[in-house]
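As recorded in Swiss-Prot, the features of this protein are as follows:
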type: TOPO_DOM; residues: 1-34; note: topological domain 'Mitochondrial matrix'
type: TRANSMEM; residues: 35-55; note: transmembrane segment
type: TRANSMEM; residues: 58-78; note: transmembrane segment
type: TOPO_DOM; residues: 79-107; note: topological domain 'Mitochondrial matrix'
type: TRANSMEM; residues: 108-128; note: transmembrane segment
type: TOPO_DOM; residues: 129-159; note: topological domain 'Mitochondrial intermembrane'
type: TRANSMEM; residues: 160-176; note: transmembrane segment
type: TOPO_DOM; residues: 177-196; note: topological domain 'Mitochondrial matrix'
Amino acid sequence: MENHKSNNTKENITIVDISRKINQLPEAERNLLEHGSVYVGLNAALCGLIANSLFRRILNVTKARIAAGLPMAWIPFLTTDITYRCFVSFPLNTGDLDCETCTITRSGLIGLVIGGLYPVFLAIPVNGGLAARYQSALLPHKGNILSYWIRTSKPVFRKMLFPIMLQTMFSAYLGSEQYKLLIKALQLSEPGKEIH
């Protein structure tokens, strides 16, 4: 039991040291390191709004713009922001993620799956429900639902290829920059300590 306490104390000292060094960075760099997930979340919200617009055009949905637009912006934003914080920002700031390649891979995958593909898949039931409610498009019968949605989604995925790739590259780049800023912060000397 005592060994467990000493490990926690050592880990807490490490987290305190890392946060103290991060606070020594200039404000712009510190903001990028601490709030980078918000930028990825904003890009995901934009992907959600674009996918929503494309599905609305295909399904001829003209009503409930705000009712469909708000969840298509907020849900991808919050999901991407929280996921990026949990799997990239927090492990970087606690010292659990100490490999640049791992950071780039994690942040790129979050950008691709959560920030790019998830908003497009989320737009399908939102706009499908609106099309059924307002009867703006002929929806399939029970037998061919899957083939209908695959056929309907293909042009949307083609048009969303660029925003999804942009989101992936931006997220990977942001992860790389955050890792470099963390390394820069860790190399700063303590203000009260002298190096001999």
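Keep in mind that glycine also has a Cβ here, set from the backbone N, Cα and C atoms.
Broken down with DSSP, the topological domain 'Mitochondrial matrix' (79-107) shows 24 helix, 0 strand, 5 coil. Sequence-distant contacts of the transmembrane segment (35-55) (same chain, six or more residues past either end, CB-CB distance under 8 Å): 61, 68-69, 72-82, 84-85, 88-89, 107, 110-111, 114-116, 118-120, 122-124, 126-128, 152, 155-156, 159-160, 163-164, 166-167, 170-171, 174, 177-178. Sequence-remote contacts of a segment are chain residues at least 6 beyond its ends whose Cβ falls under 8 Å from one of its Cβ atoms, and for the topological domain 'Mitochondrial intermembrane' (129-159) they are 51, 54-56, 58-64, 68, 120, 123. Tertiary proximity for the topological domain 'Mitochondrial matrix' (79-107) is limited to same-chain residues at least six positions away from its ends with a CB under 8 Å from its CB atoms, namely 14-15, 18-19, 22, 33-34, 36-38, 40-41, 43-44, 114-115, 118, 171-172, 174-176, 178-180, 182. Mean pLDDT for the topological domain 'Mitochondrial matrix' (79-107) in this predicted model: 94.
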